[in-house]
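A.B. asks: What TrEMBL records for this protein is below:
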DOMAIN    35-92  domain 'Tail sheath protein Gp18-like'
DOMAIN    93-185  domain 'Phage tail sheath protein-like beta-sandwich'
DOMAIN    190-337  domain 'Tail sheath protein subtilisin-like'
DOMAIN    344-452  domain 'Tail sheath protein C-terminal'
């Protein structure tokens, strides 16, 4: 991986890499990148463990995990997918695999550990066309999921639900239903979440969720440290979402309250983290999630009074508000947990829309510069550390920022004066200084009506 992170003026880096520095008065982007990917850990009752599974559609869930998205174990996945384009699902826990004896010397075992395996049943019957063959059907909760026709037990083929174990001479016998038993779920441990964060370092995503309750204080602290390390040491500007964690950091969204869904399901703040992560990941740099409706929610849990809402916002908390007029739930304000401001981080840094623009500059700059380096390497050359290299980077930055201004993300940009590219002191790299005016979202509307 190419080195990255933040830098201090006048201090040369040791490793080759792409480094950025943010100030309250400056910093922006280089090419619009696609957003919408969430990394989500889940305690589930089925599926492969300790690996990321790419979920783009509800159909992917059943195809890759063997269960429909409506399964109760996928509650947080469903909430994430209401807003996210892609979910990198990570099953935290394993469990005992359900098993059964189908016939003498024929053992059948669930592919994955977990309680879902107890819903598997195998039925064996004579084939209606050829009575010398057997139809072997796997059912999950009474739904037929796999069917195969075999002449003998040795022809049984493993599938995404069960594995067969036979010996020479094993004979299939008809059965109206042999159920697998003994499957159970292990409770995720702190080590499982730690492994999730370690494995996440090798994945690409926009936002990462940590849906743990208030007993997971140590995990939340480790999560904040992970986000800071990724953003500041590696230069990968991801966002983290967690509940009831006053991180005072622009890279962490701190969820205050939960919601009630249409079917009566009550989501606590740590469960609502899933939806917030999807909403944050999917929002472009042109969109704030302030006033965005939580589809499928009918109440905030708990509802906050006006003074409680104001206090929460001042404390850097992400709040859901119930609107009695249309019986719906909305995001009060799209903010992160930053509450301490200075000359390098103004109060505007608390706005997630502002951070999406700033983070986009960093992430897309890295990507574009790496592509430019690759193109030169493919042509058996390099970006020269001279005037030609300066012009190349200057052209990349100004072209992108012009595009950004045309799209309404920034304003008052002057391509002839607001970007400067110079060589570093060692003469083996570049320093890019740029000035932009970020366009915030309209969140406060003051209407004065004169009565005549």
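Positions of Cβ are set from backbone N, Cα and C atoms, glycine also.
Given the structure is predicted, the values throughout are model-derived calculations rather than measurements.
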A.B. asks: Looking at the stretches 35-92, 93-185, 190-337, which one shares the most CB pairs under 8 Å with the domain 'Tail sheath protein C-terminal' (344-452)?
C.D. replies: 190-337
A.B. asks: Looking only at the domain 'Phage tail sheath protein-like beta-sandwich' (93-185), how are its residues distributed among DSSP helix, strand and coil?
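C.D. replies: Summed over the domain 'Phage tail sheath protein-like beta-sandwich' (93-185), the classes give 8 helix, 46 strand, 39 coil.
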A.B. asks: Across the domain 'Tail sheath protein C-terminal' (344-452), what is the average pLDDT of the model, as a whole number?
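C.D. replies: Mean model confidence (pLDDT) across the domain 'Tail sheath protein C-terminal' (344-452) is 86.
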A.B. asks: For the domain 'Tail sheath protein subtilisin-like' (190-337), give the DSSP counts of helix residues, strand residues and coil residues.
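C.D. replies: Helix (H, G, I), strand (E, B), coil: 51 helix, 35 strand, 62 coil.
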